[in-house]
Structure formats: structure tokens, C-alpha cells
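Asks: Pasting the feature list from Swiss-Prot:
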{"type": "ACT_SITE", "residues": "Glu171", "note": "active site, proton acceptor"}
{"type": "BINDING", "residues": "His125, Asp137, Asp200", "note": "Zn(2+) 1 binding site"}
{"type": "BINDING", "residues": "Asp137, Glu172, His287", "note": "Zn(2+) 2 binding site"}
{"type": "DISULFID", "residues": "Cys285-Cys290", "note": "disulfide bond"}
{"type": "DOMAIN", "residues": "321-438", "note": "domain 'P/Homo B'"}
{"type": "SIGNAL", "residues": "1-37", "note": "signal peptide"}
{"type": "SITE", "residues": "Tyr286", "note": "site 'Transition state stabilizer'"}
Amino acid sequence: MSLSVSRRLAAVTAFAVAGLFASAVPAALAAPSAVAAAPTPPDIPLANVKAHLSQLSTIAANNGGNRAHGRAGYKASIDYVKGKLDAAGFTTTLQTFTSSGATGYNLIADWPGGDPNSVLMAGSHLDSVTSGAGINDNGSGSAAVLETALAVSRAGLQPTKHLRFGWWGAEELGLIGSKYYVNNLPAAEKAKISGYLNFDMIGSPNPGYFVYDDDPTIEQTFKNYYAGLGVPTEIETEGDGRSDHAPFKNAGIPVGGLFSGADYTKTAAQAQKWGGTSGQAFDRCYHSSCDSLTNINDTALDRNSDAVAYAIWTLGAGTPVPPGQSFENTADVNVPDSPAAAVSSPITVSGVTGNAPATTKVDVNIVHTYRGDLVVDLVAPDGTVYNLHNRSGGSADNLVQTYTVNASSEVANGVWNLRVKDTAAQDVGYINSWKITF
């Protein structure tokens with residue numbers, strides 16, 4: 001977390017537009033195998049989060065003792081996180097900017113699928129101050145967001161909303177990286193972000209449990225999680241406007257997040273309800289060389305990491321696709337004899353919220369004198385092909401069949417096609433009708 005304006009030296013910043021910015025959902029995201037969304041948020045393994053912290057600590061130790069903007073330790077931290085996400089199936093974009101004469105980096109990771117017009121973002125700053133490794137500030141938030149993203153991959157989660165994760169550079173110089181990202185988003189892309197969740201310092205050694213009160217829906221989501229644990233929360237005031245949610249909020253994007261305290265002092269009342277030591281700072285090593293692996297409270301880190309996942313699973317679900325919405329094309333399409341090219345019959349789907357279900361129904365009615373000649377595919381709006389029929393059925397005529405397709409990685413709205421090809425000579429037919437039901 002950066003110092004407030006009154007408590008830090010003014011950061012002299014020179015922006016330079018460099019490289020691509022990750023403003024939009026990539027046009028063609030290669031989705032992993034489609035699986036049904038996990039029914040409940042997962043427990044994020046504390047050991048995994050701490051393993052990421054250990055890696056960040058080692059990176060700092062090998063690069064002058066810190067992971068600050070413009071230093072080798074920061075770029076190595078970005079490379080570590082990016083490698084994990086690339087291996088897990090995310091589409092990553094490295095965004096560059098210039099501040100204080102040095103190149104800075106933001107890392108954006110998009111999870112395939114979800115409604116591209118309704119994006120849920122979660123992020124944290126990855127840089128430290130120059131005086132230390134920054135394990136709580138903000139290795140803790142960065143590691144929790146990373147492990148939650150990896151949990152999304154492990155679950156094959158396909159929520160209604162599109163999921164995007166961000167790791168920001170040069171936060172400690174005045175929110176430079178996140179400002180750069182937001183300022184370079186076109187207005188249309190900003191409008192697609194339904195919420196941004198920020199996690200900055202969530203493993204403080206003398207922790208409190210603070211919830212941002214900016215957006216009421218996001219705030220209540222976190223409060224519901226902690227109520228389920230029987231842990232009271234307070235509204236976060238110490239870092240208000242001092243972390244990477246501020247540029248999003250200033251752009252009119254709903255924001256929320258968690259915080260476990262920095263250099264404010266824990267009161268007796270707070271110690272009574274949360275434990276810990278009253279009269280001491282929530283983090284006595286804030287912006288100091290002692291912000292190391294020993295500067296983490298495991299209970300706070302574990303609870304807050306689980307809260308990150310709870311919010312992603314809950315807020316990402318959005319409004320489920322109403323069952324039973326059907327779209328049909330009854331126009332005849334001739335299927336020419338081999339070796340002619342395949343033919344397609346389109347259906348335009350609109351007004352459906354989110355993704356197609358894992359049990360998408362496709363009803364096919366093809367009149368043909370030899371169905372064993374036919375290859376029939378469902379082609380999704382993004383071009384993904386789902387094979388329905390591949391030359392089976394022998395010499396029987398006509399293909400009248402209902403298929404169940406796991407299309408949960410596909411946005412429902414758009415143009416779907418039934419594609420049919422005759423692969424052998426002497427028989428002909430036509431597509432009589434077909435229907436897709438969500």
C-alpha cells in the first residue's frame with residue numbers, strides 16, 4: 001500500500017504508451033475442456049499461498065533485497081506470476097509503462113469464457129518498497145489473487161461473468177500502474193467492468209478484518225463470508241483511496257476489497273474481538289526491511305485468501321441462464337453430394353444472459369438417404385466446433401436426433417451454426433430444421 005499524499009514524497013511520473021494494453025477480452029480465447037462450474041467456492045490452500053510468498057521472498061533475496069519498481073526483483077516477480085498463469089490456461093498480457101525513468105509492468109490475465117460485456121476483475125499490486133521484500137505489502141494480496149486464479153483453472157470454473165485478474169506495478173510510487181491501465185481503457189471497455197476487487201495487505205501480523213465500503217453489493221458479499229465464520233468486520237478507513245481500487249472508483253467502476261491493517265494502532269476493543277495486541281500497529285514492519293516471511297499472520301492470510309475465492313465465485317456467478325430458452329431454424333438447406341463443401345444453417349441467439357449451460361440441447365432433423373455419409377457439427381459463435389455425428393448409423397436414412405453438448409465455455413448470445421457435410425457419393429438430402437435450447 002502506498003503512503004498517503006501527505007506522508008510521501010511527490011512521485012514524478014512520466015508516462016509512455018508502450019506495448020499493447022489489455023483493455024478488451026481477447027477475441028479468440030482458447031478455452032480448456034468445458035466442465036460444469038464448481039457449486040461452492042473452494043478452500044484456498046494456505047500452503048499454496050505461502051509457497052508463492054516463499055518464491056517472492058527468494059526473488060527479493062536474489063535481487064538486492066526488494067521487488068521495487070524499476071528493479072530486477074519486480075520483473076522477476078512478474079515473470080513468476082505470468083509463468084503460473086500461462087501454464088494454467090489463462091491468456092496473459094504484459095502491459096508496459098514508464099515512471100521515474102524506469103520501465104514498469106502490469107500483468108493482466110483473462111480466463112476464457114464468460115460474458116465479455118460483464119467483466120469481474122480482481123487485482124493487487126506486486127511491487128514492494130525499496131527497503132524490503134514486501135511480503136505482506138503486498139506479496140500477501142498478490143499471492144492470494146494468484147492462488148485464487150489457479151483455483152479457477154483447477155475447477156474449470158465457467159461463471160456467467162468474464163473473469164480478469166491484474167497485478168499492478170509502481171503502486172508504491174502513487175498507484176502508477178493501475179492508473180495507467182484504467183486511463184488507457186476506452187470508455188466502452190470501462191463500461192464492461194461490473195466490479196473491481198482489490199487486495200492489498202491481507203496477512204498483517206497483528207491483523208484486523210477490514211472491508212471496503214465503496215460498493216454495497218461487493219461489501220455485503222465479503223461481510224456474508226465473514227459472518228459465516230463468526231468473525232466481525234469493520235469498515236476500512238486507513239487505506240481509503242491509497243491503493244489500486246482508487247483509479248477504478250474514480251472511473252465510475254464499482255469497487256471493493258479487503259485489508260488487514262498497516263501502521264495504524266490496534267485498539268483494545270479491536271484486540272478483544274480479533275485477538276492480537278492492543279497498542280501496537282497492525283503491521284509494525286510496514287514499509288520496512290522486516291516485512292519478510294515472518295511478518296505474516298497465517299490465520300488472517302488463510303481467511304482472507306478464502307474470502308477472495310468466495311467473492312470471485314459469488315460475484316462471478318451473476319444471473320444464471322434461464323432454463324428452456326429455445327431458438328430454431330426451420331428453413332431447408334440442401335446438403336449436396338460429396339465432394340461438395342459443407343453447408344451451414346445459422347441460428348442467431350440473443351437475450352440470453354451469460355454462458356450456455358453444460359447441458360445445451362441440440363435437436364437435429366436432417367432428411368437424407370444415407371445418414372452414414374454425414375458429418376454434423378455444432379459451431380459456436382467463437383468458431384469452436386462440437387461434433388454431433390460422425391458417419392455413424394450405416395445405411396439408415398434420415399438423422400433425427402437430440403444431442404446434449406457441454407457448451408459452458410461459450411457465451412450464449414451470437415450466431416450458432418449447424419454444419420453438415422456429405423462425405424461419400426451417391427446420396428443427397430437437406431437440413432429440414434434444427435433447434436438449440438439453453
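Note that Cβ sites are derived from N, Cα and C of the backbone, with glycine treated the same way.
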Asks: Taking only the residues in the domain 'P/Homo B' (321-438), give me the average pLDDT of this model.
Replies: 88
Asks: Near His125 (Zn(2+) 1 binding site), which recorded positions out of Glu172, Cys285, Tyr286, His287, Cys290 have their CA within 10 Å?
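Replies: So the list is Glu172.
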Asks: Highest CB neighbour count within 10 A among the disulfide-bonded residues Cys285, Cys290?
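Replies: Its Cβ has the most other Cβ atoms within 10 Å: Cys285.
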Asks: Quick one: give me the count of other CB atoms within 10 A of the CB of Asp137 (Zn(2+) 1 binding site).
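Replies: I get 30 for this one.
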Asks: Which of the recorded positions Asp137, Glu171, Asp200 has its Cα nearest to the Cα of His287 (Zn(2+) 2 binding site)?
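Replies: For His287 (Zn(2+) 2 binding site), the closest Cα among Asp137, Glu171, Asp200 is found at Asp137.
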Asks: Provide the three-state secondary structure of Glu171 (active site, proton acceptor) computed with DSSP.
Replies: helix
Asks: Cα of Cys285 (disulfide bond) to Cα of the residue listed as 'active site, proton acceptor': how many Å, rounded?
Replies: 18
Asks: Give me the DSSP three-state residue breakdown of the domain 'P/Homo B' (321-438), ordered helix, strand, coil.
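Replies: Helix, strand, coil within the domain 'P/Homo B' (321-438): 3 helix, 62 strand, 53 coil.
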Asks: For Asp200 (Zn(2+) 1 binding site) and Glu171 (active site, proton acceptor), what Cα-Cα distance in Å is obtained after rounding to a whole number?
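Replies: On Cα coordinates alone, these residues lie 10 Å apart.
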Asks: What's the CA-CA gap between Glu172 (Zn(2+) 2 binding site) and Tyr286 (site 'Transition state stabilizer') in angstrom, rounded?
Replies: 12
Asks: Here the binding-site residues are His125, His287; which one has the lowest number of other Cβ atoms no more than 10 Å from its Cβ?
Replies: His287
Asks: Please determine which of the recorded positions listed here (Glu171, Glu172, Asp200) has the lowest count of neighbouring CB atoms within 10 Å.
Replies: Glu172
Asks: What whole-number Å value do you get for the CA-CA distance of Glu171 (active site, proton acceptor) and Tyr286 (site 'Transition state stabilizer')?
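Replies: Glu171 (active site, proton acceptor) to Tyr286 (site 'Transition state stabilizer'), Cα-Cα distance: 15 Å.
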Asks: How long is the line from the C-alpha of Tyr286 (site 'Transition state stabilizer') to the C-alpha of Asp137 (Zn(2+) 1 binding site), rounded to the nearest angstrom?
Replies: 7
Asks: For His125 (Zn(2+) 1 binding site), just give me the three-state DSSP call.
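Replies: For His125 (Zn(2+) 1 binding site) - judged by DSSP and reduced to three states - the answer is strand.
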